[in-house]
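**Q** Mind having a look at this structure? Questions to follow.
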Number of protein chains: 2
Amino acid sequence: MDFGIDFKDAELLDEAFTHASYVNEHPREHLKYYERIEFLGDAVMQLCVSEYLYRRYPGMPEGKLSRLRAAMVCEDSFSKFAKECNFDEYIRLGKGEEKANARQRPALLCDIFEAFIGALYQDQGKKIVESFIAKVVFPKLDLGWFDHLLDHKTELQELLQEKGEVTITYDEVKNLGPEHNRMYTMTVSADGKVLGKGNGHSKKEAEQAAANVALKTLK
Amino acid sequence: MDFGIDFKDAELLDEAFTHASYVNEHPREHLKYYERIEFLGDAVMQLCVSEYLYRRYPGMPEGKLSRLRAAMVCEDSFSKFAKECNFDEYIRLGKGEEKANARQRPALLCDIFEAFIGALYQDQGKKIVESFIAKVVFPKLDLGWFDHLLDHKTELQELLQEKGEVTITYDEVKNLGPEHNRMYTMTVSADGKVLGKGNGHSKKEAEQAAANVALKTLK
C-alpha cells in the first residue's frame, strides 16, 4: 500500500491492523487492537464524506445527501475500499479467526478501513485523510459504485409527492427463466400512468430499477 | 446568545435558524431552510464528540465510548443544549408550526442545534466549533447529564461476562402507588447473588438504576 504516507507513530498503524484475537494470542506483547481507533475513524469518515457531498452538490436536498452518504459510508463500500488498498494482507489475526477466513469477511475489512482512517487522522490530521480519500473514495462516485445502494423508490416517492398526493404502484409485467435464476420485470406507475420499467433478479431489485428509470425520465 | 462569535456569512446563520414552513410562507424572499446545513452539522458533532471522548478517556474500551457518544449525540441532549443557548427564540417558523408549538418540540430544537453547528463549522472551521462545544457540551459530562441515557444493563452484562459465563436476572421486589404514578423496585443478581437494587417509574427504568448501583459497587 504505497500512498506516500509515512506514519510518525508507527504503533498507531500497527494498532489499526491488529484484531483482538491476535492480541489474545500474544498476551506478553501488550498490544492494542483496532476497536478504539476504529471508533474515531468511523466519525472521521462520516464528516469527510458529508463535507465533500455538501460542497460538491450545493443544490442537492438533504434527503438525497443523506441517502448518498449512507451508500458511501457503509460496510459494503468500506470493505471494497479496504480490498482495493490491499489492507486485507496486513491484518494481524488470531489463528482461529484466520482459519474461519475472517481476513476476507466484509465486516472485518470495513472495520480495518475505519481503523486506518482513524490512525491516519490521529497521526497526520484531517487534510491528509481528505487527500487519501480523494484518491480512494470520491472517484468511485463518478464511476457509479454507489448507485445500486441508493434507494430509488424513496427518492421517486419524495419527488412525486412534492406536487401533492399521488398513488404509486409497482406491478409485475413478467418473469422469465428457471426458479433459481429468474428475471423479473416490474413497472412503476403514478396514479395509473406508467413512468418506468426495470429488470432484476428479485422483485425488489426490479422495482428499484424501474424507479431509477422513472427518475431519469422525470428529471 | 452571546458566545463572542461573529459570522462572516450572516446568511448562513439565518439559514440555520429557518424552518421549511417559514420559507414556504415567504416564497418571494428565496430563503434557504436549515436541512442541508443540519446534514453537515450532524457529522461535525459526531466527530468532535468522538475525538473528545477518545482523547479524554485513553483507557476506555470502544463499547463504552460508543454508548457515551450515543448518549451525548442524540435528540434528547441536543434539544437541551439548544434550549440552554436560547436558540428556540431565534427560530423562524411558519404560522401553522408556530401554533402547533413546534418551537418547543425536542426534534426541532435538536435540528436547530445541529444546523447551528454546521453553519459555525462552514463559516469558521473546526477549532471554533470545538471551543463552542467545550463551553456548551463537554462540561455536562462531569455534571452527569448523560448518565440516565447510558445503558447500564449492557455495561454490567459486559463487565460480568468478561470473567466467563454468568446468569443475570432482574426481579421485581415491590411496586408502590397508583397505576398512573407507580414506583417500581427491581434487583439485579448474578448467578443468584444480588448485586444492586434500584427504583424507577417503569420496570425498565428500575432495572437500569439497579444495574448502575451494581456497576458502582463492582468498580
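Glycine too: its Cβ is placed from the backbone N, Cα and C atoms.
Note that the coordinates shown come from a computational prediction; the quantities given were computed from them, not determined experimentally.
As annotated by TrEMBL, active site applies to A:ASP42, A:GLU114. According to TrEMBL, the Mg(2+) binding site annotation covers A:GLU38, A:ASP111, A:GLU114. As annotated by TrEMBL, domain 'RNase III' applies to A:1-125. According to TrEMBL, the domain 'DRBM' annotation covers A:151-219.
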**Q** For A:GLU38 (Mg(2+) binding site), which residues in the same chain are close in space, meaning a Cβ under 8 Å from its Cβ, but six or more apart along the sequence?
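**A** Same-chain residues close to A:GLU38 (Mg(2+) binding site) (Cβ under 8 Å, separated by 6 or more) are A:ALA16, A:ASP111, A:ILE112, A:GLU114, A:ALA115, A:GLY118.
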**Q** Per 10 Å Cβ neighbour count, which of the recorded positions A:ASP42, A:ASP111, A:GLU114 ranks highest?
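**A** Result for the most crowded candidate: A:GLU114.
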**Q** From the centroid of the CB atoms of A:GLU38, A:ASP111, A:GLU114, the recorded Mg(2+) site, which same-chain residues not already listed sit within 8 A by their CB, in sequence order?
**A** A:TYR34, A:GLU35, A:ILE37, A:PHE39, A:GLY41, A:ASP42, A:CYS110, A:ILE112, A:PHE113, A:ALA115, A:GLY118
**Q** Per-residue pLDDT averaged over the domain 'RNase III' (A:1-125) comes to what?
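**A** Averaging the confidence scores along the domain 'RNase III' (A:1-125) gives 94.
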**Q** For chain B, which of the recorded positions A:GLU38, A:ASP111, A:GLU114 fall under 8 Å by Cβ?
**A** A:GLU38
**Q** Is A:ASP42 (active site) helix, strand or coil when read with DSSP?
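**A** Once the DSSP labels are grouped into three classes, A:ASP42 (active site) ends up as helix.
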**Q** Using DSSP, how many residues in the domain 'RNase III' (A:1-125) fall into helix, strand and coil?
**A** 90 helix, 2 strand, 33 coil
